[in-house]
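Look at TrEMBL and you will find 33, 255 tagged as active site, proton acceptor. Annotation source TrEMBL lists substrate binding site at 129, 303. The feature domain 'Alanine racemase C-terminal' is assigned by TrEMBL to 234-357. Positions annotated as N6-(pyridoxal phosphate)lysine by TrEMBL: 33.
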Ligand SMILES: *Cc1c(COP(=O)(O)O)cnc(C)c1O
């Protein structure tokens, strides 16, 4: 059997969720969209279900996968619904939905509900992607408030640059959010912080936080932050050395000859490539961990294989275990070597079997 696998540490996942919830001080929506960032939505949601206040997903399809696996906790559709035809399904499965556009307010006004709904009303506080403008917000809120079957409205927004610890955009967005909250007729539960907002911006911790990336043990904060030090990597992507060769100095390795040996070099071939989700354009020098010791990628990553430098690892050879990211090697550091993000690498995992540890 091909020796590549992704081990998913469910204890680390629960640890990170508890950490997020304790930091937030209120309730925490565990964001498990995109198949739990590549970790497997159903097993991750099941592992968190006994303690999670709710789950966040990107679509009804993702929500139904959780419901069908027996998850009966609240599930919020983070992008709302895409078509009014989805409303009966939202109702039947008791999902919570975001409303981010005036047409969605109209669709809800036309809906005849038979059970209470929870709706999160999204403000565009400066990211300029999804959300009602500050001018539209009050009107939408009042119209939704007037629907007797909506029993809870939550005010929400989303940060665009909370991982940049010295950037003014996060306090600016908070000011826009607070101004909108101040105009509402009653105090409403509020939610704005994603992982970075939650860890790095204490004033962003409101009634609900919405941690995603941090649940999986990663972050992109651009400065040291104690809250991030407590995270534990959930996924370990590893494979094994399947061939070893000795090359003289001056020999090219792999496609396009992007790396040429500068000394007699012992090369290890590892059974993992870009078809598994490892970044194709990770540069020579990208860190790997060889039998527990730090090492380096050399040469272009292929579809099914990559090559590493074993010259300074005389104890390693055929069958050695190579960690490509995990507890000893932050996925964010690997991502940075190819202009990628940990979000992209984790959600891009393919073909590799996932093995769950509890
Ligand atoms: C994805 C998402 C999150 C989680 O973001 P992270 O940066 O992964 O913590 C939170 N809120 C919304 C609306 C999202 O779409």
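Note: Cβ is positioned from N, Cα and C throughout, glycine not excepted.
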- Item | Among 33, 255, 303, which are recorded positions, the residue with the most C-beta atoms within 10 angstroms of its C-beta | 33
- Give the sequence-ordered list of residues that share a chain with residue 129 (substrate binding site), lie 6 or more positions from it, and have CB atoms under 8 Å from its CB. 158, 160
- Query: For residue 33 (active site, proton acceptor), what is the secondary structure state per DSSP, taken as helix, strand or coil?
  - Reply: helix
- For the domain 'Alanine racemase C-terminal' (234-357), give the DSSP counts of helix residues, strand residues and coil residues. 18 helix, 47 strand, 59 coil
- Message: Quick check for the class: what is the C-alpha distance, in angstrom and rounded, between residue 33 (active site, proton acceptor) and residue 303 (substrate binding site)?
- Response: 26
- Message: According to DSSP, collapsed to three classes, what secondary structure does residue 129 (substrate binding site) have?
- Response: coil
